[in-house]
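Report on the following structure.
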Amino acid sequence: MKAMILAAGKGERMRPLTLHTPKPLVPVAGQPLIEYHLRALAAAGVTEVVINHAWLGQQIEDHLGDGSRFGLSIRYSPEGEPLETGGGIFKALPLLGDAPFLLVNGDVWTDYDFARLQAPLQGLAHLVLVDNPGHHGRGDFRLVGEQVVDGDDAPGTLTFSGISVLHPALFEGCQAGAFKLAPLLRQAMAAGKVSGEHYRGHWVDVGTLERLAEAESLIGERA
């Protein structure tokens with residue numbers, strides 16, 4: 001299974017760290033954030049990774065190269081202007097092929113074992129959901145058995161971790177340009193084609209300096 005890491009965000013909430021460094025290369029406990037994903041993907045048996053980028057993206061290519069030092073083959077999907085999640089994935093589909101692929105947001109840190117996602121995909125998407133963090137109390141979706149449905153205001157919603165397996169058919173009918181992933185997922189949910197799981201391990205959306213410190217604390221505990 002191929003994997004894609006979303007790495008095109010500007011990281012504006014992490015300034016000044018991201019003024020001259022793309023967020024995926026910001027050090028977390030002494031290691032660029034994106035390298036945690038690359039090492040975990042390689043450990044899970046992934047061999048081919050696609051990374052999209054926009055803001056200071058050449059730095060990402062220069063730092064990671066062809067991926068061989070991680071035991072991976074890395075290809076890049078540069079974006080002149082950020083295409084948001086859906087548009088960025090759609091642009092990279094020719095590099096990802098026709099089979100389901102693993103997707104992970106480049107700005108999260110987690111101890112999730114990506115090998116758990118190697119099982120055959122049933123439907124169009126499989127989402128890893130986590131408990132709602134304090135900064136996202138309403139959550140995103142709801143897990144009913146093994147099916148994911150859209151969230152609501154009632155208790156019991158969960159947050160999309162940014163980790164998933166997607167089938168390229170999810171993007172049928174899409175056009176090139178900037179668009180979000182969430183509407184496509186909700187459309188597939190309405191058709192009963194999105195499965196999911198609730199992960200209760202460590203997961204941090206490293207989107208602010210405070211949450212960067214939280215991730216570093218968790219990594220320190222594991223050392």
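Backbone N, Cα and C define each Cβ position, glycine as well.
Per Swiss-Prot, the features are as follows:
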- Gly11, Glu12, Arg13, Lys23: UTP binding site (BINDING)
- Asn105, Asp140, Asp205: substrate binding site (BINDING)
- Asp107, Asp205: Mg(2+) binding site (BINDING)
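Glu12 (UTP binding site) sits 12 Å from Asp107 (Mg(2+) binding site), taking the CA atoms of both as reference points. Of the candidate binding-site residues, Asn105, Asp140, Asp205, the one lying closest to Arg13 (UTP binding site) when CA atoms are compared is Asp205. DSSP gives Arg13 (UTP binding site) a helix state. Of the binding-site residues Arg13, Lys23, Lys23 has the largest number of other Cβ atoms within 10 Å of its own Cβ. On the backbone, the CA of Asn105 (substrate binding site) and the CA of Lys23 (UTP binding site) stand 11 Å apart.
If you draw a 10 Å sphere around the CB of Asn105 (substrate binding site), it holds 21 other CB atoms from the protein chains shown. Counting other Cβ atoms within 10 Å of each Cβ, the binding-site residues Glu12, Asp205 show the lowest value at Glu12.
The most densely surrounded of the binding-site residues Asp107, Asp140, judged by C-beta neighbours within 10 angstroms, is Asp107.
Of all Cα pairs drawn from Asn105, Asp140, Asp205, which the record names as binding substrate, the longest spans 16 Å. Within 8 Å of the Cβ centroid of the substrate site, not counting the listed residues Asn105, Asp140, Asp205, the chain contributes Val108, His136, Thr159, Phe160, Ser161, Gly162. The DSSP secondary structure for Asp205 (substrate binding site) is strand. Cα to Cα, Asp140 (substrate binding site) and Lys23 (UTP binding site) are separated by 24 Å. It is 7 Å from the Cα atom of Lys23 (UTP binding site) to that of Asp107 (Mg(2+) binding site).
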